[in-house]
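Residues or ranges marked as domain 'Major facilitator superfamily (MFS) profile' by TrEMBL: 1-429. The transmembrane segment feature in TrEMBL is assigned to 30-45, 57-76, 88-109, 121-140, 241-263, 270-292, 298-321, 342-363, 375-398, 405-425.
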Amino acid sequence: MVSLYPLGGLFGALLAGPLAIRLGRKKSLLVNNTLVVAAAVLFGFSRRAGSFEMIMLGRLLIGISAGVGMNIQPMYLGESAPKELRGAVAMTSAIFTALGIMIGQVVGLRELLGGPQAWPLLLASCLVPGVFQLTSLPLLPESPRYLLIDRGDAETCLVALQRLRGTADVAAELAELEEERAACQGLRARRLWELFQDGALRRQVTSLVVLGSAMELCGNDSMYAYSSSVFLEAGVPQEKVHYAIIGTGCCELFTAFVGCVAIERVGRRVLLIGGYCLMTFWGSVFTVALCLQSSLSWMPYLAMSCIFAFILSFGIGPGFWKENAKGPLLPHLGQGRGKAGRRVVAGSPLFLLLLPAGVTGILAMELFDQTARPAAYMVCGALMWTMLFLVGLGFPFILKGLSHFFYVPFLIVCVCGALYTGFFLPETKGKTFLEISKELHRLNFPRRNQGPAWRGPEIVRSTEL
């Protein structure tokens with residue numbers, strides 16, 4: 001049943017591109033929320049109906065909704081925002097996601113909705129944001145870029161721009177959109193496989209694959225998976241571990257605010273490089289603390305501090321959206337013991353869903369033009385959901401085989417992520433989509449930029465015979 005969620009997410013990620021092209025960004029999100037409402041109804045009545053299959057179907061629908069939403073939402077926000085605030089606006093989704101995670105951790109306590117009697121209400125609580133978006137989103141305009149470039153509706157685009165900016169003077173931004181439209185004139189929306197065939201998109205696709213994989217393989221989910229046992233080793237009573245995990249949700253919310261404020265000041269590259277470097281440092285300290293915790297009494301406290309520091313570093317840099325795939329759905333799993341006698345609590349998030357938030361989440365939006373953006377999000381989403389599934393399957397074997405050194409492979413990924421960002425990822429802060437496309441074209445074809453541009457065959461006109 002747990003695997004139905006990432007399976008639905010993978011299907012939703014592949015569905016998001018065609019939906020965004022045919023229905024638009026806004027209508028796609030509205031259609032997507034009908035899946036949330038349907039899943040909430042299935043969850044809410046599953047216990048009364050005595051149907052385990054209703055929970056399974058609801059889990060699949062929620063996965064599809066997550067796969068669609070995680071692709072189209074940042075696309076809609078990024079295309080609607082001015083270039084000076086594009087990153088900050090895209091990061092607001094991370095703030096509300098972190099807030100939702102923290103609220104979910106709180107209401108999921110046994111004292112509230114996490115008990116054996118109230119869990120259908122906990123699962124059905126997704127109805128609240130679904131209905132809220134269904135009723136509020138129709139009041140907002142469609143993405144101006146989609147209206148002008150994809151649909152060719154200049155009049156509606158102008159109205160949308162004026163509503164979004166709160167002023168009638170949008171001539172400069174409209175001219176920028178017209179220039180971007182001219183660059184895409186005569187081009188149709190790219191298909192997924194065409195991204196890998198076009199040499200002009202080589203660096204964009206490589207950056208998307210490398211940094212998207214790095215976000216999934218950097219070890220944030222393993223840090224969460226080990227957090228419960230570390231809290232127990234540090235002396236936190238077992239019945240209080242869930243309260244300590246709520247502290248990780250508070251860390252995520254804090255980093256969301258920090259990232260939203262900092263992204264337009266320091267840029268994307270600084271946040272990514274700094275985040276991966278800090279994760280490497282705290283992951284190394286965490287490994288040392290695990291190795292020495294049996295000989296030094298204060299090492300478990302250091303390991304617990306490293307967990308919070310690592311989460312802060314991950315949230316500021318690559319991203320941090322997550323959701324526990326266990327919780328009240330699997331209360332019967334009980335407890336087990338890891339290697340060296342360390343307990344692994346059933347409620348600990350051994351299988352986490354990391355969605356592209358933070359800086360990594362806006363790469364597909366900024367590195368690709370209007371014709372390639374939906375397909376880029378399909379690649380990004382499919383890659384991350386697949387990586388998620390593989391990490392969830394492989395982590396128990398890594399933990400069993402490497403014991404205290406289980407984090408070393410993730411450290412290597414963090415170092416590679418920082419190096420790739422430093423050497424190959426261009427800065428996109430404050431640039432228009434057209435400026436970003438021109439810079440990436442220059443990087444993809446460096447030899448063509450060493451001399452004057454070729455303007456075609458020279459025609460010699462003369463009256464001499």
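Think of each number as a place in line: the chain as shown, counted from 1.
Glycine is no exception: its Cβ is also placed from the backbone N, Cα and C atoms.
Remember, it's a predicted structure, so these values are computed and weren't measured experimentally.
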**Asked** Are the transmembrane segment (57-76) and the transmembrane segment (375-398) close, by which I mean at least 3 Cβ pairs under 8 Å that are 6+ residues apart in sequence?
**Response** yes
**Message:** Please identify the stretch among 30-45, 375-398, 405-425 with the greatest number of Cβ pairs below 8 Å relative to the transmembrane segment (270-292).
**Reply:** 405-425
**Chain residues outside the transmembrane segment (375-398) and at least six past its termini with a C-beta under 8 angstroms from it** = 3, 6-7, 9-10, 12-14, 16-17, 20, 67, 70-72, 74-75, 189-192, 194-195, 204-205, 208-209, 212-213, 215-217, 221-222, 225, 325, 350-356, 363-365, 367-368, 406, 409
